[in-house]
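Beneath this line is the structure, given in structure tokens, with notes to follow.
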Amino acid sequence: MDKPKFKRVMLKLSGEALTGEKGYGIDFKFTNKISEQIKALIDMGIEVGAVVGGGNIWRGRSGSGMDRTTADYMGMLATCINALALQDSLEQIGVNTRVQTAIEMKEVAEPFIRRRAMRHLEKDRVVIFAAGTGNPYFSTDTCAALRAAEIEADVILLAKKVDGVYDKDPYKYEGAKKYDKLSYIEVLEKGLQVMDSTATSLCMDNNIPILVFGLDKPENIIRAVKGEPIGTLVSNLD
Ligand code: UDP
């Protein structure tokens, strides 16, 4: 088997990644497929942190007319629902997990404690970071960047609907061109839809590479850690 390229990864799944074909909520068949890939990573000796979004349930910016802060707290709670779904799916196939939340809910999950998270990772437990950063006006992409820096992850594996970063929306424009590699600055200057600018800047400042790839095939997670040329790599390009 090819040697994995990374020792510790931060997997960022958007909420949409859990919807599969359903378009809303959680598709357990698809979630279970993702879990099998995460299990394969653990079996390869890779330590896995995961951040799940909440967009399949609720987004703060959804134009509901609500107070933004309240709407964002609803979004953070949505990520907790997804985190528990992923936890259950992983544990059903024998993967040890811990959910750590940025908003305390001690009956449901552990609070985020970095040193504890590191220990869990060393013991091959998948740590799922829920409730984003715990702050409104942020995103789960920023949470992935922040936690990746904190747990000293080698890379952020950014699983998307699209199979990489394009110059234009490939769903709308036929001739859209996919990038193999990009620098953070290019992403920011061109306004490319990778992560939001706060998350991208955090990765840039802390030199955390982001590998963007498509989750249409869950086995792409394994291909990504083996260093196969899939998706788009965003880094300092040195
Ligand atoms: N959110 C937040 N602070 C955070 C992370 C998330 O306020 O640190 C809220 C925000 O309202 C966001 C929602 O949670 O719209 C769901 O997260 P996100 O949109 O990042 O999910 P994804 O698009 O990855 O599914």
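Note: Cβ is positioned from N, Cα and C throughout, glycine not excepted.
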**Q.** 20-25, 32-37, 62-67 - the range that TrEMBL marks as region 'Involved in allosteric activation by GTP'
**A.** 20-25
Q. Pick from D72, D163, D167: which one does TrEMBL list with G54, T133, G134, N135, P136, Y137, F138, S139, T140 for the same UMP site?
A. D72
Q: Would you mind sorting out which of G54, N135, Y137 (the binding-site residues) have a C-alpha within 10 A of the one on S14 (ATP binding site)?
A: G54
Q) DSSP three-state call for G15 (ATP binding site): helix, strand or coil? A) helix
Q. Can you list which of the binding-site residues K12, L13, T133, S139, Y166 have their Cβ under 6 Å from some atom of ligand 1?
A. T133, S139
**Q.** Distance, G54 (UMP binding site) to K12 (ATP binding site) (CA atoms, angstrom)
**A.** 11
Q. Reported as an integer number of Å, what is the Cα distance between L13 (ATP binding site) and N135 (UMP binding site)?
A. 19
